[in-house]
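Asks: Here's a structure for you.
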């Protein structure tokens, strides 16, 4: 754990000071806020006050500090006004009055109002203390404190029964927290004296400044840190020189006295002495984390901890030589106690344990220092082995082995006189003392430098390994020390080099994590077979994001921090975005909420940040790099640093789609403001939401949400797939008329049902629609034409549908078999002699005759659908199919002819001869009576509709049908009908008409009459039925004049001996199309 610096943040210790200074006397108090004029609400309530009054803290908080809730009937009104006046004028006030507890019991109270000022000199708080003085007032006072139910006196002194004594914060808890539990009887006496006599100095409600003497050093200050650096160097010097001076001292000097100390030794001793003095004036950190500045507390703390060790280490052994005091060898060993100062370095160096390089350096220094100590001891053992020998020198010591190898052997000589000079052997490891008291002197041996280096080599080889054997232990003492050295070496090797390994791994941890994640990413790409372009994008994005955040997960890192601190960090990280003019009107709380919604984003070159059509979920602020906005390959905008992209603020449930792509040009760093978090923040601060919405429109560099819908409409309108159908739908909606005809698919053929003598109307146009099949009346059984088809066909001009008006065909003659015939479309017949089946529409005037099929092209006026590749390859199959369909059609026609002939015969035999109604043309009289029974109209009752056989009177066909009731005309449909040529005609005249009337809506009797045919007219032949009477009129002239072609009754009716068809007639117009007979169908 790093050393604690202590809690040095400025604090407001007002509450602790109040609890300490006014303990006992002012323990029952409340604090009122003087800034809220008029009310002065209570902001703090002591437990003693709650104990006195019986009110809980929750009941007292935010009430007036005048404590009007304690007033009762005996409370003086004058005192009330004086308290109010003192609070309003921010003055001190003291009074005695009667207050009431929560239980309703009165007590005498000494009330003291004291204003508390802040650092600006303004009154910030009111200290209102309450002291129970009921006992003092009751002594000799009137007897008015008796209870109602008894004669025993009841004093107003509050008891502690029923209350939790641990909650007495003003007297116990706060007093303990302030660190003043020491008994201070004198201080209490002075405070009590000050309450009743002199007033004590009141604390101020402000941040307390650090109170310290100018001669007190802060333990974590710069001056003390510099001094600790000098002490560290001095301690290291002592750790190196003291073992060397003790163990590797020259033995040639006399043992009676030692030489003078060096300058470095004297400087180190002076530093140690000054360090003791400074330690008495240096702050320390208490167990509660507070920094103690009191000199008395500092001295007491230092004396009880490190003082004794520092005094022993600072004994001036070297200074004794300056005062001519001899220091013998035994006393000189006391300098090794200075090595204990190394223990003081551990707490100071612990604060640097977070730096790997510093820890690595310290570990290596410790290992080298231990090796130096082992080398000094090894040299001392070898020296003592030689000096302890008798008359003959030992031959097995490590120094003897070294001397023989270096050819500098040891030898004994007689002791020289005191003033004699050494014979040049002052640099070797010889001893100048007497050998065992024999008067012999040891000389020779290796030099001191060679001996120390060899000893250090042995120490390092023994600590790091088991040694190499070139310097070995020979004597018992040397072997024992070698064993101890190996044990220490094993421990140091594990500790030092284990820590070194951990430190090196920690130094390369980020690099290892990078390679590990890269390897995982490549394995993922290989397993899932990611394509090469996507693989390159993944690797580039990973490398770019790693370069930005160095692999640190900021979300996880900040999650452990409190919300307040995390918001401040987020505001610092996103200050570029929050400094936009868009947020200048936001409060600090709103900015903090918005900063938590911001997320960093990154975009690589060529990467798409947003695709067209994506749902916009955030606003993006470009911090660095450049981007471009694309739409259909066109660059709409280029964005750079400081640009804001996104959309206007949508509603919470609204989804806005992007109208363009946003692509990165370079490596871009962005800040992303999520719309969900933005909505949540604006919901907390609704006053800022309107200004933000208005400002966002002007701050957006490019609005990705503008015109999204119109862009989609434009794109769809350019599509050419459904252009014709879209045009028809528009005309159908707007009610516009035009000659547009929508194409019909091949599987929905339409056949023309109009005869040459009929003209088209809206109903006919609808029947000609390519998506509808012309309805045919079912003649078998009880069937009848569908009512739905009749309703749509006979709607008439009174209620024309808008769709039919838009699809009305232009008037044009059609003198050839129409190409819309089902047989032509299906490929059964060859239209106009053409061998190729085609699907065409006539959009212009055709030629007078269609002897050959016109060539397709723009000038022909035909919309053709050519064969596909598959149809060309299957020509033979289509020919066979066409032939089979033709044969089947012929069989069906023959069967129909037989059924129709049979039906006619049955109806003529079974139907009674009576007058049937006939429609009357406008302006004509009643129908003439029938003169012949065979010429009367024949009515056949089929059970569903009445069918009347009528002569083809021209007035009936050309006239206007009268309608007795307003609205659409009755559902009547005249149909021409001709018998097959194989049967003799049962009719006395050329043609008869079937008139179907609805059972539910019969025609009025006045509008129906019998109109027999003229018996004198001969029956027309087949040729006469086709060409008309002797006065021929060309079909072209009839078409141009709008009148029907001549024939029986003024209308030429089709007559096909091979078939029986029903064609809608009676809807002539002057400008409609004249249809010719289709060969082979009888239409």
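Just so you know, the numbers here start at 1 and follow the chain as drawn.
The backbone N, Cα and C atoms fix where each Cβ goes, and this holds for glycine too.
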Asks: Among 453-458, 459-464, 465-470, indicate the range for which Swiss-Prot gives the feature motif 'Selectivity filter'.
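Replies: That would be 465-470, the stretch labelled motif 'Selectivity filter' in Swiss-Prot.
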Asks: Which stretch, out of 155-175, 176-196, 197-217, 260-280, is listed as transmembrane segment by Swiss-Prot?
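Replies: The range carrying the transmembrane segment annotation in Swiss-Prot is 260-280.
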Asks: Please find, within the list 110-130, 131-151, 362-382, the residue stretch that Swiss-Prot describes as transmembrane segment.
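Replies: Comparing 110-130, 131-151, 362-382 with Swiss-Prot, transmembrane segment matches 362-382.
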Asks: Name the residue range among 303-323, 387-407, 408-428 that Swiss-Prot annotates as transmembrane segment.
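Replies: Based on what Swiss-Prot states, transmembrane segment spans 303-323.
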Asks: Checking the topology in Swiss-Prot: do residue 353 and residue 476 fall on a common side of the membrane?
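Replies: No - Swiss-Prot names a different topological domain for residue 353 than for residue 476.
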Asks: Looking at 436, 499, which residue has the N-linked glycosylation site feature per Swiss-Prot?
Replies: 436
Asks: Pick from 40-60, 61-81, 82-102, 229-249: which range does Swiss-Prot record as transmembrane segment?
Replies: 229-249
Asks: Counting only CB pairs under 8 A, let me know which of 229-249, 260-280, 362-382 has the most with the transmembrane segment (332-352).
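Replies: Out of the listed stretches, 229-249 contacts the transmembrane segment (332-352) most.
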Asks: Mean pLDDT for the topological domain 'Extracellular' (383-453), rounded to an integer?
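Replies: Per the prediction, mean pLDDT sits at 69 for the topological domain 'Extracellular' (383-453).
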Asks: Which bits of the chain, at least 6 residues beyond where the topological domain 'Extracellular' (475-479) starts or stops, bring a Cβ under 8 A of a Cβ in it?
Replies: 378, 381-382, 384-385, 394, 396-398
Asks: State the residues, same chain only, that lie 6 or more residues beyond the ends of the transmembrane segment (362-382) and have a CB under 8 A from a CB inside it; answer 'none' if no residue qualifies.
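Replies: Sequence-remote neighbours of the transmembrane segment (362-382) are 236, 239-240, 243-244, 246-248, 349, 352, 397-399, 451-452, 455-456, 458-460, 462-463, 477-478, 481, 485, 488, 492, 496, 499-500, 503.
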